[in-house]
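Annotation comment: TrEMBL describes 1-61 as domain 'MADS-box'. Annotation source TrEMBL lists domain 'K-box' at 88-178. Among the features that TrEMBL reports, coiled coil is placed at 88-115, 144-171. Taken from TrEMBL, the feature region 'Disordered' applies to 175-202. Under the heading compositional bias 'Basic and acidic residues', TrEMBL lists 183-200.
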Amino acid sequence: MVRGKTQMRRIENATSRQVTFSKRRNGLLKKAFELSVLCDAEVGLVIFSPRGKLYEFASSSMQEIIERYKRHTKDKVQPENQVGEQNLQHMQHAAASLMEKIELLEESKRKLLGEGLQSCSLVELQQIEKQLERSVSTIRARKIQVFKEQIERLKEKEKILASENAILREKFGGLQQRQGSSGEKEGEALCTESSEKSDVETELFIGPPECRIRRPLQN
């Protein structure tokens, strides 16, 4: 009969789970013993049951095996700790160096602002004065450059506005010409209409219907 493959998951039935634990525990202890005998290996095996019961196997002394394990893990972890300590020392040294540089920069800044000059010698004061003069010269040169750039931008803007103004003048002149020609035509039409109306005679009759007097209407 072929044995089927066991699924690696927790056995829900408590009785079956206990039976399986007993069988596999004994098999594991047997394999550990065979490994220690066949390969001359130092083997230590510790098992706790679901109820907390201890089962162990040691090819020699369990305490000696545990002490050997501790020494091995300590020797393995120690180089990593040494590397960590070296990195920490390097970072502390770098932080101290940066703090020293920051203090020097702060002191130089205060001197440039005219503060803390009591401890400066004549040579240091002359150096600070020369540095300030160089800074002022650089600032003035930059200011002149900014002025020139602004002037160039304003000139370009002036050209654009002049071009737009010329285009608007041309449009306005054409509009005036069209309005003038249309006004002349309307004036001629009004004059013609008024002359035609002046030629029409208007009669006004006064009196009863049977004896109306025909009189011309005075303009």
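Here the Cβ of each residue, glycine as well, is placed from N, Cα and C on the backbone.
Curation does not apply to TrEMBL; its annotations are automatic.
A quick note: this is a predicted structure, and the numbers were derived from the prediction, not measured.
Looking only at the domain 'MADS-box' (1-61), the predicted model's pLDDT averages out at 87. Secondary structure of the domain 'K-box' (88-178) per DSSP, as helix, strand and coil residue counts: 82 helix, 0 strand, 9 coil. Summarised by DSSP class, the composition of the domain 'MADS-box' (1-61) is 25 helix, 10 strand, 26 coil.
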